[in-house]
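Remarks on the structure that follows.
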Amino acid sequence: MEFESQQLTMEEKLENKRKKLNQRKKKKKKEKQYKLLSYEELPEYMKENEYIRNYYRAEWPIKNALLSLFSWHNETLNIWTHLLGFFAFLGLTLVHLSHHVPEVADFLGHLTWSISTNAVENVSSNLGTFFVEAVAFIKLPVSLQADADVVESALPAAAAAARWPFFVFLGGSMFCLLSSSACHLLCCHSRRLSLFLLRMDYVGIAVMIVTSFFPPVYYIFQCDPHWRATYLVAISAMGFVTVFTLLSPQLSTGKFRAYRAMLFSGMGLFGLVPAAHAAVLNWGDPRRGVTMAYEAAMAAAYLTGTVFYVTRVPERWKPGWFDLAGHSHQIFHVFVIAGAAAHYGAAVIFLQWRDQVGCEQSVHTL
Ligand SMILES: [Zn+2]
């Protein structure tokens, strides 16, 4: 009897051991599934840049892909460069809105406080007034805004310029930076999602280029509605054509990298037309030099970034050396942020200039 029970416990022990071993094997298999891969191990649709040799994520579940925001792989810096850029632009948007919409100023103030119960109770009514005020503010040649405590309104009273083109640019930049971050974070999930996100990324780039045209074209040609509309419609049409061309899945592959760069650069270079026109108009303002310098810095940043994007320098010189940090796409991202920042600088000056110089004071009109 005793012997039997001893045998039983022996068997139970063996069974337990077997179970544990199996569990360990399964766990290992699971871990292995989400290990970082080399270029050769990738599914065909992910083979995009053969000079980046290792640290790829492939076919990861969404949850693991989302969590990989906080771990090292070859997309980590691509995600963070544009995510931080997005938050910087979001901050700028809130700061500009707060000059005009008291609820945003309150919100920024509250960020440093703990939220009081009272504030929570008031949220719904505050949100209501916030939207009404925000819409009124963004919509309009803000003659109602004479009492606003902004720098520009302290200047002699030409009717303040419309704000919406400035916010269109900020919104377009945020959309581009966010869709790019999402693409770099989640494209590793599946072929279907990667195709969708790559398209969103291209739409984002086109939107950023088109919306970048709004502040300079709107404020420079404020007094020439005909030219203002012509340029804005032309660049928007180019944006649509570019996006529709890039909807073909084939054009998302590595082979067409230079072709994509050409389409986007073409849109950017279209800016030379209104720029030359503006120079001919010769609006006699001393700030013209400063805005030109900002816009030249923007063009230089975008072009340099594009050169890195197309040539895949430096990783082509030392494949495998720049997998985690320093490869061309990360450098391209940094130049995109620099270009957008320079353009933001120019847009602020255009806006301030138009607040002071209304159409009746403008020397040259067509
Ligand atoms: Zn990117």
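Each residue, glycine too, has its Cβ placed from N, Cα and C.
Unlike curated entries, TrEMBL annotations are predicted automatically.
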#### Entry: Candidate sharing the Zn(2+) site with His329, His333 (per TrEMBL), from His100, His184, His189
His184
### Message
I'd like to know if the transmembrane segment (227-247) touches the transmembrane segment (331-353) in this structure, counting it as a touch only when three or more C-beta pairs sit under 8 Å and are separated by 6 or more positions.
### Response
no
### Task
State the residues, same chain only, that lie 6 or more residues beyond the ends of the transmembrane segment (166-188) and have a CB under 8 A from a CB inside it; answer 'none' if no residue qualifies.
46, 56-60, 62, 65-66, 68-69, 75, 78-80, 82-83, 85-86, 89-90, 92-93, 96, 138, 194, 197-198, 200-201, 203-205, 207-208, 210-212, 214-215, 333, 337, 340, 343-344, 347-348, 351
### Chain residues outside the transmembrane segment (77-97) and at least six past its termini with a C-beta under 8 angstroms from it
69, 104, 107-108, 134, 137, 163, 166-167, 170-171, 173-174, 177-178, 180-181, 184-185, 324-325, 329-330, 333-334, 336-337, 340, 344
### Query
Other than its close neighbours in sequence, what residues sit by the transmembrane segment (292-310), given a CB gap under 8 Å and a spacing of at least six beyond its ends?
216, 257-258, 261, 264-265, 268, 271, 275, 328-329, 331-336, 338-340, 342-343, 345-346, 349
## Note on the structure
Taking the centre of the Cβ atoms of His184, His329, His333 as the Zn(2+) site, the remaining residues of that chain with Cβ inside 8 Å are Glu75, Leu77, Asn78, Ile79, Thr81, His82, Ser180, Gln330, Phe332
### Query
If you count the C-beta atoms lying within 10 Å of each candidate's C-beta, which of the binding-site residues His184, His329, His333 ends up with the smallest number?
His329
